[in-house]
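Trainee: As listed in TrEMBL for this protein:
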type	residues	note
ACT_SITE	A:Lys199	active site, proton donor
BINDING	A:Leu9, A:Gly10, A:Phe11, A:Gly12, A:Thr13, A:Ile14, A:Gly15, A:Ser16	NADP(+) binding site
BINDING	A:Lys99	NADPH binding site
BINDING	A:Glu184	L-homoserine binding site
DOMAIN	A:339-413	domain 'ACT'
Protein chains: 2
Amino acid sequence: MKKINIGILGFGTIGSAVYELINVNHDMIEKRLGLDLHVSAICDVSPNIEHPLLVRDARDVINNPAIEVVVEAIGGEKPALSFILAAIKKGKHVVTSNKEVMALNGDKIFSAARKNNVSINFEAAVGGGIPIIGPLSHDLLANNLTEIYGIVNGTTNYILSKMTKEGTEFEAALEEARKMGYAEANPKKDIEGYDSSYKAAILASVAFNSQIDWKNVYFEGIEKITQEDISYAKEIGYIIKLLAVAKKYEKECEVRVHPTLISQEHPLASVSGPMNAIYVKGDMVGELMFYGQGAGGLPTASAVVADIINCYNVQCPISNFQFRKLKVKPIDEIESRYYIRLTVPDKHGVLAGISKAFADQKVSISNVVQKETIGKIATIVIIIHQAKEANLRKAIARLEKLSVVKDVCNVIRVGL
Amino acid sequence: MKKINIGILGFGTIGSAVYELINVNHDMIEKRLGLDLHVSAICDVSPNIEHPLLVRDARDVINNPAIEVVVEAIGGEKPALSFILAAIKKGKHVVTSNKEVMALNGDKIFSAARKNNVSINFEAAVGGGIPIIGPLSHDLLANNLTEIYGIVNGTTNYILSKMTKEGTEFEAALEEARKMGYAEANPKKDIEGYDSSYKAAILASVAFNSQIDWKNVYFEGIEKITQEDISYAKEIGYIIKLLAVAKKYEKECEVRVHPTLISQEHPLASVSGPMNAIYVKGDMVGELMFYGQGAGGLPTASAVVADIINCYNVQCPISNFQFRKLKVKPIDEIESRYYIRLTVPDKHGVLAGISKAFADQKVSISNVVQKETIGKIATIVIIIHQAKEANLRKAIARLEKLSVVKDVCNVIRVGL
């Protein structure tokens, strides 16, 4: 069992979620990996934060020799950069969710980490909890990755989705995003494309194995998109999304962020509301998409804590199964909704008999629709509320014997 | 530079694609990771395969002391299992794309690998090239993963998609799948759900960190789904998919495969044709989806070669950037299609002037639509063929000065 002392810099949405995650899933992680994650200190200067572990000076975290991993969850370039570099210099691994500091200072931070032989992990900087830095830098290593298209900002995607689905104008959609907590009081960095441009620079750097200078990333925001543009685009089969685009050629690349008309048929078109997705093309793997919640405390903490774990070369759980035999429920015991297609003679009294067969097994009908009638045979489709499979099967067995039922043609489970 | 000698067992679709991938991307992988991947021997018993590295007896691969990694790409339980166990016993890492052998014998194989201190990697066994075993076992380690819904069989998804989109009956759709190469001559294992059930057992084992016995996985295939079911489901807002379902409770779980009515709004509903996707819920990360090509030689080889690399604790490329400064193209040099919205006076000669402004910059118009006219002002939407941004901007600057143009309201790039 290895105990890992962690210091958290910044106790806002992400910092406090990291603390919460470690508390909630501590035992599971310990049991699975043999790592005892332990938050030793939290630093935040905001006067309205109170916590038994709270310190007010980041040096009390950075200079604490017991702390092995520093989580930087402050955001923004300053003072995060100097704290990250100081922690690295002290030989600590650093995990950050900060896209801005990584996009603007990746080269400085990487070379400091190499020099001091520590890890700098930043999965949470792009796509919140969506695994994307990991897949790009491990699982897809055998590929020449050539194209990335990302919806990487939840605020702008929420606004564009609302404009698209409800015909709202930009200002009203922004106001709604604020109310829903998807936009900050000052949403400039999201709306004008800064946030996406940081993420574009990071994605391109990792995918293309090159240091992409953020200053060379062209970006536009969504503030000029009107309802007219959205409607006209829709008429010709397109939807407007704020896309981070990165393409690699032999000796150069493109990295840019701007509103883009994309085909309604493209998998990215169905990524709506505050969701994020990153679409990737590789020469071998073809096209991939990674989809999920791109922001929020706990999803982002999921990535931060995985990054903490990844600072240690713990044995992969696959070859380390606990071999606890989790019991698999027999199919009879599962609960599901069901779709049932029957044929019945087209006469009175049919539904009463069918309903009783279900009711006797405590299986409750949600919906019955009579479909086409051919000759004297009618097709009926029944939707069943959540029921236990064993009871459903008994009801079906009963139905099959009823004189008012010609055939039970199909029974299909309903889910999702 | 470390040279890694690889032996490939089975030189069909996947084995030959692994060989091809290693040839094509050898130098890139070497440069990036310092690993010199080298195929030393290929074993296949099929009489119509010829290759300079070919041997006919698997023992010539397994007993070759120079070979460090054995790729098992034979498929099926026998003789793959005995070859895998023999290779492990000889102290070789094993990478396999074989879902059947992993689902039926995971416990034996894992315990042999642990005993002999070698890796057994099987990313390619589920979802082809889609990173899913990696994310579940690394990137999502901080989560209690509770639900998985996978479209993990391309043959059945192709058939169901065809039935849904084109109104085809099952037999005709299967015939088409055969013609397109998406179904084997004997498609029993795909159609009847065996293939998906193997993958369900593997996904549940990895996600729930437990050994799920395949014999307890309930499964049904798609052979009973008719066009009627598909149409009736559609009428009530559902689409039918063959889903691998795994759910975890406190002390037990569900692992099952069956056709399922899922809401047309769910992200899995838009996974069509031969594509695969795995939808995952974790207590912290919320909902994720991993989408891509679930089969095919090169996509699967992408996963196999990543697994070969993962047998070695090579430094992650993120902290190992080559820092080659890939030039980022200035925005002026990119090429794109464009959407342009203009307002113009509603009179003759307008289009001639606009067309000339574009033609003078060699920018070619794909489509012009006149939208609403308010008073004497008409809105025009123009779609531009692929053009260089610099030329487009010159054309726009020209337009803005034309007396026949009132306003250039918006210019948005068109992509995907």
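Positions of Cβ are set from backbone N, Cα and C atoms, glycine also.
So that I understand the layout, could you describe where these features sit and how close they are to other parts?
Mentor: DSSP assigns A:Lys199 (active site, proton donor) to a helical segment in the three-state reduction.
The Cβ of A:Gly10 (NADP(+) binding site) lies under 8 Å from the Cβ of A:Cys43, A:Asp44, A:Glu72, A:Ala73, A:Ile74, A:Gly75, each of these being in the same chain and 6 or more residues away along the sequence.
Long-range neighbours of A:Lys99 (NADPH binding site) (same chain, six or more residues apart, CB within less than 8 Å of its CB): A:Ala125, A:Val126, A:Asp195, A:Tyr198, A:Lys199, A:Ile202.
For the recorded site, A:Glu184 (L-homoserine binding site), the DSSP three-state label reads coil.
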Trainee: Beyond the listed site residues A:Leu9, A:Gly10, A:Phe11, A:Gly12, A:Thr13, A:Ile14, A:Gly15, A:Ser16, identify every same-chain residue whose Cβ lies within 8 Å of the center of their Cβ atoms for the NADP(+) site.
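Mentor: Close Cβ neighbours, site residues excluded: A:Ile8, A:Ala17, A:Val18, A:Asp44, A:Ala73, A:Ile74.
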Trainee: Work out, from DSSP, the number of helix, strand and coil residues along the domain 'ACT' (A:339-413).
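Mentor: Per DSSP, the residues of the domain 'ACT' (A:339-413) fall into 24 helix, 36 strand, 15 coil.
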Trainee: Find the average pLDDT over the domain 'ACT' (A:339-413) in the predicted model and report it.
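Mentor: Summarising the domain 'ACT' (A:339-413) by its mean pLDDT gives 93.
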Trainee: Give the distance between the Cα atoms of A:Gly15 (NADP(+) binding site) and A:Glu184 (L-homoserine binding site), rounded to the nearest whole Å.
Mentor: 18
Trainee: Taking every protein chain in this structure into account, which of the binding-site residues A:Leu9, A:Ile14 has the most other Cβ atoms within 10 Å of its Cβ?
Mentor: A:Ile14
Trainee: As a test of the contact definition, list every same-chain residue at least 6 positions from A:Glu184 (L-homoserine binding site) whose Cβ is closer than 8 Å to its Cβ.
Mentor: A:Thr155, A:Arg178, A:Asp190
Trainee: For A:Thr13 (NADP(+) binding site), which residues of its chain lie six or more apart in sequence with Cβ-Cβ distance below 8 Å?
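Mentor: A:Thr13 (NADP(+) binding site) has long-range Cβ partners A:Gly296, A:Gly297, A:Thr300.
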Trainee: So which of the binding-site residues is most packed in, judged by how many other Cβ atoms lie within 10 Å of its Cβ, out of A:Gly12, A:Gly15?
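Mentor: Checking each of A:Gly12, A:Gly15, the winner is A:Gly15.
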